[in-house]
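*Asks:* Among the features that Swiss-Prot reports, N-acetylalanine is placed at Ala2, with the record citing experimental evidence. What Swiss-Prot records for 19-133 is domain 'XRN2-binding (XTBD)', and it gives sequence analysis as the kind of evidence. Look at Swiss-Prot and you will find Ser131, Ser241, Ser389 tagged as phosphoserine. Swiss-Prot lists 155-167, 231-240 with the feature compositional bias 'Basic and acidic residues'. The compositional bias 'Polar residues' annotation in Swiss-Prot covers 168-179, 248-269. The annotation SUMO1 cross-link is assigned in Swiss-Prot to Lys184. Residues or ranges marked as compositional bias 'Low complexity' in Swiss-Prot: 185-228, 274-313, 321-356. If you look up Swiss-Prot, you'll see Thr346 marked as phosphothreonine. As annotated by Swiss-Prot, domain 'DRBM' applies to 462-537.
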Amino acid sequence: MAQEVSEYLSQNPRVAAWVEALRCDGETDKHWRHRRDFLLRNAGDLAPAGGAASASTDEAADAESGTRNRQLQQLISFSMAWANHVFLGCRYPQKVMDKILSMAEGIKVTDAPTYTTRDELVAKVKKRGISSSNEGVEEPSKKRVIEGKNSSAVEQDHAKTSAKTERASAQQENSSTCIGSAIKSESGNSARSSGISSQNSSTSDGDRSVSSQSSSSVSSQVTTAGSGKASEAEAPDKHGSASFVSLLKSSVNSHMTQSTDSRQQSGSPKKSALEGSSASASQSSSEIEVPLLGSSGSSEVELPLLSSKPSSETASSGLTSKTSSEASVSSSVAKNSSSSGTSLLTPKSSSSTNTSLLTSKSTSQVAASLLASKSSSQTSGSLVSKSTSLASVSQLASKSSSQTSTSQLPSKSTSQSSESSVKFSCKLTNEDVKQKQPFFNRLYKTVAWKLVAVGGFSPNVNHGELLNAAIEALKATLDVFFVPLKELADLPQNKSSQESIVCELRCKSVYLGTGCGKSKENAKAVASREALKLFLKKKVVVKICKRKYRGSEIEDLVLLDEESRPVNLPPALKHPQELL
């Protein structure tokens, strides 16, 4: 065939000159020989005539020069496409391929190279079978991607710092709520003590010092109890409260009997009686109220003590009855706030009893003692009206303060749990899948061409470098995370695997694969190999799947092939929503 073409060109020098002008610069003799054959077979009327050209033919050629030039350029393009397909393995749209193959019929190319297409490569891999991930850990090649390591290390540092700032902000919120509740309780106590001090203008200097000391001790105890136990406030059970009331009953009875005996036997002046009664009252109050304020459910214990309605009823009943000493003891055991009212509003009460009861720490007791100091010039009926009105006022104030304290305390205890649950509350939707899928469709094509360039998927290929290069070609980054195997609670552990490292690969917040090895490079190589196996299928799909993370199941975006089902996925090394 080549001899026939050379003989034809030697006989027609004009055709030979015309064809030689169509040769490209740098085109090899082998390529040009076959492409010249293609041009001559399909030139037709485009080639000049073999003999001497006449004037008439030249004029006709000039008239049709525009059409001839277009046809000539099309013929040259077809010849170049055919040569690229034969010698370089290029492929074109189906219409173009059919056209150039039909034009090249009869041309025999004996020394053309052979190329493997992507579809043929995938078919070969399927026939050969894909090795499982449970095989021995293979040694990676010497090439390492330094940029990937640096970027993953920087991202891990950013994740750690963000977690620390979130914890610090949560602690600041808890401390601020504790301080706010303590300030509210102190303001309530100060308001009550200021109202009492306005009525207590006629009392002695000793009584004022005792009342100021009691109010300051109450505020300090409230602040310590609020700040120490605010986050762990729990309601005490009924059995514990019953045993506590029995202890109070015994302590109050003992102190009341001692005080009555001392008043009967002592003939000392009023000043010594005042000092003794104040000391005994301070001891009884410290024994009664310190455990109440130190308990975890302080707000719920104070609620029945300060704002209970039976306090006013027992106070009014104590006025009408003359057996007031026994009734005052029993009522003070049931409700601490009513003890002073029943004992102070009784007729013929001594001044020592009034001053001793001034040292109690509840506001209703102090108000009742002030009423008792004024009872010398008033009747028992007027005392009943004043005591009931003051008791109702103290009940309203105590109710408002106790309600605010009880509403604050459970909110503090649940603040940490609500923050931890809201922290990762956003759920993945199909919109997230639709946003990620186009990128991985492009990545599938890029990885396929990279595999064709290196001769297909094989153990000799640096899988990590190939995957990273394909992702960087699409202007994205490969996220790499490392965790020691012993820190994973969702994997079985034995002595041989204690020192292993687990690697997880992600891209665009989508999970690609997990690998385990004795070093970070080894683990990354295994994870990259598992990720590349997905791209050997016909199609890759982004799906929302369940994965384990620290003992619980979470949702994650996972890259899978079209046929596989998400069963027994490896546990997540980090929470996916931390990385979004």
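Cβ atoms are placed via backbone N, Cα and C, with glycine included.
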*Asks:* Looking only at the domain 'DRBM' (462-537), what are its DSSP counts of helix, strand and coil residues?
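*Replies:* The breakdown for the domain 'DRBM' (462-537) reads 32 helix, 21 strand, 23 coil.
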*Asks:* Across the domain 'XRN2-binding (XTBD)' (19-133), what does the pLDDT come to on average, as a whole number?
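*Replies:* The average pLDDT of the model in the domain 'XRN2-binding (XTBD)' (19-133) works out to 77.
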*Asks:* When DSSP states are grouped into helix, strand and coil, how many residues of the domain 'XRN2-binding (XTBD)' (19-133) land in each?
*Replies:* 74 helix, 0 strand, 41 coil
